[in-house]
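According to TrEMBL, the features are:
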type: BINDING; residues: ASP103, LEU104, THR105, ARG130, GLN146, ASP150, ARG299, TYR303, TYR304; note: L-histidine binding site
type: DOMAIN; residues: 34-372; note: domain 'Aminoacyl-transfer RNA synthetases class-II family profile'
Amino acid sequence: SKDKLQKVAKLLQFKAQLGGDEGKHVFVLKTAKGTRDYNPKQMAIREKVFNIIISCFKRHGAETIDTPVFELKETLTGKYGEDSKLIYDLKDQGGELLSLRYDLTVPFARYLAMNKITNIKRYHIAKVYRRDNPAMTRGRYREFYQCDFDIAGQYDAMIPDAECLKIVYEILNELDLGDFHIKVNDRRILDGMFAVCGVPDEKFRTICSTVDKLDKMAWEDVKKEMVNEKGLSEDVANRIGEYVSMQGGQDLAEQLLQDPKLSQNKQACAGLTDMKLLFSYLELFQVTDKVVFDLSLARGLDYYTGVIYEAILSQTIPAPAEQNGADEAAVSVGSVAGGGRYDGLVGMFDPKGRKVPCVGVSIGIERIFSIMEQKAETSSEKVRTTETQVLVASAQKNLLEERLKLTSELWNTGIKAEVLYKKNPKLLSQLQHCEETGIPLVAILGEQELKDGVVKLRNVASREEVDVPRADLVDEIKKRTL
């Protein structure tokens, strides 16, 4: 029958697609390019980092939200400038056209506009996706966590902006990653500078993306890109070069307000006046020792409208042994946090164009994991992957029921306890399990202990043992492990 023939044809076609046996495709078990698994040790480190960051966000009064991993393609279009080519589009399956989120800021703006929210202080920790060429040694991936804190709402100038910088300062201090500094600049100062140097209006954004590369490339190369690829005259590029080499603090803002060219530009003046105000608040927050006003800071994203900042670690970390090529000898970690003010983004989504001013910061959590993991490798301290406080053990046979009963009693009072899944385990193997996993205490049951209504509590590290009345066991364990 015709039906049967069609089926056979389909099967033959399928077999042809699979290829004959001669060229058998060997399936390699691996994670996709630019992604990674986290083993229990890495997760323990990650949890520690998250806890420090979240407690800082909460200390500053933030709420949290969550949004879908994919958005309508249109939501993400036109928000990222030259980086738009890095967005992952999902395959069109006959429904809506969708893309994986590229960051958490655009979904946040969509959320505010959609729900007509005019002020909120929120943090959001979630995975984002970029079709980047990943440098995994430097903690750059195609799937990675972002960790954002944003303040949306109409407030007086620079107060929320200063708090964002204070948050970056607190988190980097508490994570103890070594010396760092925070660069600040302002989009209005940059735009004003481009204007007075003679950059045509329509080239502001693309020249901004080029200036943003100054932390990775020498000025000569950046200048080449401006002249050869972006079509600026040598003259204009040289003028930009004079400005972008400047850095300082409040004093530099005052000096630039007197600059014969910049002071003639309204936008630049507004930015510089705000910069002075920002530094006065940072002084009160006691963070000026780490903050530098740096005219070369550009941050490539299109949506920034005011203050921008980036935190940079001063140290380099040694590259993992297997990648020790000449170019990877020491990995400079670079930026570990960045952000700024984006007053127009929510308005892009609002049918009436109502603006909600926002300022925020993104903590570069993957880079931080990389450093923490390498610190753990070199540290003599073992990273515990469980939180078990006590192992319930026995030295004699036929005590499984008693061990299970005691374990259950401990669980019911909130003690983190384990028991080996064997009827008659050897005492030695029970103690070894504690050594390996870092369990600090063993509660040992024996015939005699059961008769006397006590439990022998053994400290794994010091090996000292003490008989504890069964009724006092929970308090004793808590006292020793909390």
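Glycine is treated like the rest: Cβ placed from N, Cα and C.
Under 8 Å, Cβ to Cβ, and six or more positions away along its own chain, ASP103 (L-histidine binding site) finds VAL128, GLN146, ASP148, SER362. Listed in sequence order, ASP212, ILE308, GLU310, GLY338, GLY340 are the same-chain residues six or more apart from ARG299 (L-histidine binding site) with CB atoms under 8 A from its CB.
Its Cβ placed at the centre, GLN146 (L-histidine binding site) has 19 other Cβ atoms within 10 Å.
The number of other CB atoms found within 10 A of the CB of THR105 (L-histidine binding site), across every protein chain shown, is 24. Sequence-distant neighbours of TYR304 (L-histidine binding site) (same chain, six or more apart, CB under 8 Å from its CB) are ARG187, GLY340, ARG341, TYR342, listed in sequence order.
When the record's L-histidine-binding residues ASP103, LEU104, THR105, ARG130, GLN146, ASP150, ARG299, TYR303, TYR304 are compared pairwise by CA position, the greatest distance found is 21 Å. Per-residue pLDDT, averaged across the domain 'Aminoacyl-transfer RNA synthetases class-II family profile' (34-372), gives 89.
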